[in-house]
Amino acid sequence: MHVFGLIGYPLNYTLSPQIHNYVFKRLRIDAAYVPLRVASKRLLHFIEFSRDALSGFNVTIPHKVAVAKLIDELNDDADTIKSVNTVVNSNQKLIGYNTDYVAVEESLIERGYKGEEALLIGAGGAARAVVLALSKTGCRAIKVLNRSRERAVELCGLANGLGLDCSVVDIGGNYGKPHVIINATPLSSEEYWLLNLGELGTMLLLDMAYKPNTETDLIKRARELGIQVIDGVEILVRQALAADKLWLGDFNEPSASEVIKYIKGINPS
């Protein structure tokens with residue numbers, strides 16, 4: 001039996017086990033997926049433990065950048081952004097990948113995104129994946145909004161290296177008229193209004209955050225304004241299916257829409 005897991009902290013809630021275990025059952029694969037609460041001080045210990053105990057694992061907040069420094073090898077995309085959300089155990093050799101960017105890229109392309117200006121909220125591991133996805137979809141310019149300006153400047157360095165025209169914008173500053181807004185933070189309900197969505201002329205909003213039984217306030221506000229939305233559940237499902245392919249090889253996977261429908265059906269709002 002294959003055992004896979006998700007590491008993060010504090011990992012208060014996650015839909016990942018429901019997604020992966022549904023796929024395993026649907027495909028009649030002898031495997032299980034479990035959440036594993038791992039604090040930063042125990043991360044190195046977990047990495048060594050996983051070599052014998054797990055066939056692979058996913059990584060979430062706050063470990064995506066740290067894990068990239070601790071495992072044996074990174075594929076080209078993960079190495080470019082130094083952020084890992086999926087680890088494959090290949091005969092005790094831990095190889096890191098990033099499927100977050102795959103999920104973002106797929107969802108943007110499906111909505112007809114063609115590289116228009118973007119506003120990115122956040123500068124952590126998830127934001128690094130967004131920058132890579134935007135570069136692959138032909139994005140020309142992005143602005144980065146983050147509480148820590150230093151981290152935003154660092155992220156812009158990565159973006160510039162990928163050929164994007166990147167600038168940092170302060171909270172309450174000039175956000176411009178971004179075609180797409182992407183939230184790559186666990187933005188709280190008290191903060192979403194800082195964006196003044198109604199004044200930005202945004203056509204598409206992608207929120208990587210999600211809640212188990214309801215939409216985030218950012219998604220709700222965007223819907224009220226008639227803005228097309230991509231929610232965090234869709235991103236979670238798409239990155240999970242990409243991770244399963246890395247772990248299990250090519251298989252006749254269920255569609256993202258099928259899995260999204262299942263997950264939202266068992267977690268009604």
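Here the Cβ of each residue, glycine as well, is placed from N, Cα and C on the backbone.
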Swiss-Prot shikimate site partner of Thr14, Leu15, Ser16, Thr60, Asp100, Tyr210, selected from Asn75, Asn85, Asn174, Asn183:
Asn85
Show me the subset of Gly125, Ala126, Tyr210 whose Cα is within 10 Å of Lys64 (active site, proton acceptor); these are the binding-site residues I mean.
Gly125, Ala126
Please find which two of Asp76, Gly122, Ala123, Gly124, Gly125, Ala126, Met208, Gly232 have the most distant C-alpha atoms, given that the record lists them as binding NADP(+), and give only that distance in angstrom, rounded to a whole number.
25
Under a three-state reading of DSSP, tell me whether Gly125 (NADP(+) binding site) is helix, strand or coil.
helix
Please state whether DSSP places Ser16 (shikimate binding site) in a helix, a strand or coil.
helix
Separation of alpha carbons, Gly124 (NADP(+) binding site) and Ser16 (shikimate binding site) (Å):
20
